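S.K.: Quick one: the structure is below, questions incoming.
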């Protein structure tokens, strides 16, 4: 009996054997990535989203053109890369989702709840944008684009078709200041039918074609995350790589148009005087912050499906730099076409340049109508937007599902597919208000407030808890155990000082420079603003709420309770027993071991390089203990 037990490694012991509790504790059924590139491509797909195409080029052009790249890369180094690496490390080390990972310091579990709230709000409206893209994708499947000419039922007298100006002999100057392009009217009067609503308080009727597009986009998302990372990890092979192919095609097409250099000059001419204003630095930091998707829990979730020794250090640099390069490339593709368009219309570039949905659904489609083979280019452009948006949406959904299933693994993990369905349906129903005639107002409200200062507070808190409460030394030791080396002084300085300080500055700036939302010339009423601010505040309020709950669960005086709750939970650490070396060995249920490493070697055979690390870490800790005794 004793011999047999020595031979069988614990991982092979069936749950019915004497080690009953170990079998039930093991998150065997959580799943992992199946291929080597699944994780990397998922991260790239998640980070490279719509913002790279419609936010970055415009931000660069308004904030000093080429000079904007200076603060952009500095901010990437100060608060992009370090926070990215921190989030991946937390996820991979613990193999837990964004809620359960707070075993690291149960007092702050509210941060995880705040994250989930933010991600849910974002997922609702992000999928509506994908629905608009689908709408345009189907509309492009014609020989003649519907937003090419005036004279449709939705057009007004203000509509002016540029084909007419070019065709007619324009001896008299055409006054185009108070005219509207057909694509603009198509977007606002046909797709949105916004004239049916007087404002955010009067949503009007549901637009059924938009509603069906939203249903379709939720269905696509659901089918892709049906089996968790096993299915979405395969879909990203297409959705993360294909946009690059299309981007290169659009880039080549754009650069070969006449007038393209006009736009590119506009985009890249450096105006270094801009670097003296704080606004540019803040904009750069915001751009990094949102385009890398830190704080949304997506990175943490993806990393939690990695094997314990995956080299996330290398992956961090691949993804963050790849993301930056994509943004810059997209700028060329967008601005070359804008330059061509400004030449065609005879107006300066800054009059056609726009950001956000206006660029994707008004300006770019209008430019497409000027090209030969316009439906083909239009289809390609919207197909690119679709693939860019989808993999970011997978990440949001995976985050929500993983977070909740890791909290209740016994009930939910076996029923993950049906649980995902419930969440998709719930978010679809909440998003129905966005398909009404006044839905765009709601979308703008969600976009402005859901992930504003709430997200910053979440990230700042995470950063401070990991470095101050959990302890920098311990965190570096965990990474050492996982990757075989300690993070260098660059990462430590950023985590301790630079990143939190930069984000605090961002937060303060956001509050001081607060401007109420607007859409075009429409100003939002006060109650809508209050609602928006409440959305942000609610995610912050989760933190103190979580603290109260955590403190009530402990025993003793208030201070003792707080101290207890801020220490890592008993079972904090790597999820598989074979990775629990050093201080983490005896803390899993079902493992009682006198001298950690000896047992470890007896169970799993010889010493690997990571066991070597474990020996070093053990020795370090013993020395530290001796020091503290003296």
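Along the chain as shown, residues are numbered 1 onward.
For all residues, glycine too, the Cβ spot is worked out from N, Cα and C.
Whatever TrEMBL says is automated annotation, not expert-curated.
Note that the structure is a prediction, hence the values are computed from the model and not measured.
Annotations per TrEMBL:
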- 45, 48, 52, 291, 323, 388, 391, 392: Na(+) binding site (BINDING)
- 150-159: disulfide bond (DISULFID)
- 69-90: transmembrane segment (TRANSMEM)
- 111-138: transmembrane segment (TRANSMEM)
- 235-252: transmembrane segment (TRANSMEM)
- 284-305: transmembrane segment (TRANSMEM)
- 317-341: transmembrane segment (TRANSMEM)
- 376-396: transmembrane segment (TRANSMEM)
- 417-443: transmembrane segment (TRANSMEM)
- 449-470: transmembrane segment (TRANSMEM)
- 490-512: transmembrane segment (TRANSMEM)
- 532-552: transmembrane segment (TRANSMEM)
S.K.: What parts of the chain pack near the transmembrane segment (376-396), using Cβ distances under 8 Å and only residues at least 6 beyond its ends?
M.R.: 42, 45-46, 48-50, 52-53, 119, 122-123, 126-127, 129-130, 133-134, 136-137, 140-141, 145, 217, 220-221, 224-225, 232, 235-236, 238-240, 242-243, 246-247, 249-250, 253, 293, 296, 298, 301-302, 360, 364-365, 368
S.K.: Under 8 angstroms, Cβ to Cβ: which one of 69-90, 111-138, 284-305, 317-341, 449-470 has the largest number of such pairs with the transmembrane segment (417-443)?
M.R.: 111-138
S.K.: Once the chains shown are all counted, how many other Cβ atoms turn up within 10 Å of the Cβ of residue 159 (disulfide bond)?
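M.R.: That number is 19.
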S.K.: Within 10 angstroms of the C-beta of residue 388 (Na(+) binding site), what count of other C-beta atoms is obtained when all protein chains are considered?
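M.R.: Other Cβ atoms within 10 Å of residue 388 (Na(+) binding site): 27.
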S.K.: Please report the Cα separation of residue 52 (Na(+) binding site) and residue 159 (disulfide bond) in Å, rounded to an integer.
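M.R.: Residue 52 (Na(+) binding site) to residue 159 (disulfide bond), Cα-Cα distance: 31 Å.
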S.K.: Would the transmembrane segment (284-305) and the transmembrane segment (317-341) count as touching if the test is at least 3 Cβ pairs under 8 Å, pairs 6 or more apart?
M.R.: yes
S.K.: Count, for each of the recorded positions 48, 150, the other C-beta atoms lying within 10 angstroms of its own C-beta, and report the residue with the smallest count.
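M.R.: So among 48, 150, the recorded positions given, the one with the fewest Cβ atoms within 10 Å is 150.
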S.K.: Using a threshold of three or more Cβ pairs below 8 Å, and leaving out pairs closer than 6 in sequence, do the transmembrane segment (449-470) and the transmembrane segment (532-552) count as in contact?
M.R.: yes
S.K.: Report, as numbers and ranges, which residues of the same chain sit near the transmembrane segment (235-252): CB under 8 Å and 6 or more residues beyond its ends.
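M.R.: Apart from its flanks, the transmembrane segment (235-252) reaches 37-38, 41-42, 44-45, 48, 224, 326, 329-330, 332-333, 336-337, 377, 380-381, 383-384, 387-388, 390-391, 394.
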S.K.: Please report how many Å separate the Cα atom of residue 392 (Na(+) binding site) from that of residue 150 (disulfide bond), as a whole number.
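M.R.: Residue 392 (Na(+) binding site) and residue 150 (disulfide bond) have their Cα atoms 36 Å apart.
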S.K.: Out of 45, 52, 323, 391, which has the highest number of nearby Cβ atoms, where nearby means within 10 Å of its Cβ, if these are the binding-site residues?
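M.R.: Counting Cβ neighbours within 10 Å, the top one is 45.
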S.K.: Going along the chain, which residues at least six beyond the ends of the transmembrane segment (69-90) come within the CB cut-off of under 8 Å?
M.R.: 60, 101, 104, 275, 280-281, 283-285, 287-289, 292, 294-295, 299-300, 302-303, 312-313, 315-317, 319-320, 324, 328, 459, 462-463, 466, 475, 478-479, 482, 487, 490-491, 494-495, 498-499, 502-503
S.K.: Neighbour count, 10 Å Cβ-Cβ cut-off, for residue 291 (Na(+) binding site): what number do you get?
M.R.: 24
S.K.: What's the CA to CA span in angstrom from residue 48 (Na(+) binding site) over to residue 159 (disulfide bond)?
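M.R.: Cα-Cα, rounded: 35 Å.
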S.K.: Looking only at Cβ atoms, how many others are within 10 Å of the one on residue 392 (Na(+) binding site)?
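M.R.: Looking across every protein chain shown, the total is 23.
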S.K.: To test your reading of the Na(+) site: which residues beyond 45, 48, 52, 291, 323, 388, 391, 392, same chain only, put their Cβ within 8 Å of the Cβ centroid of those residues?
M.R.: 44, 46, 47, 49, 50, 51, 240, 243, 326
S.K.: Among the binding-site residues listed here (45, 291, 323), which has the Cα closest to the Cα of residue 159 (disulfide bond)?
M.R.: 291
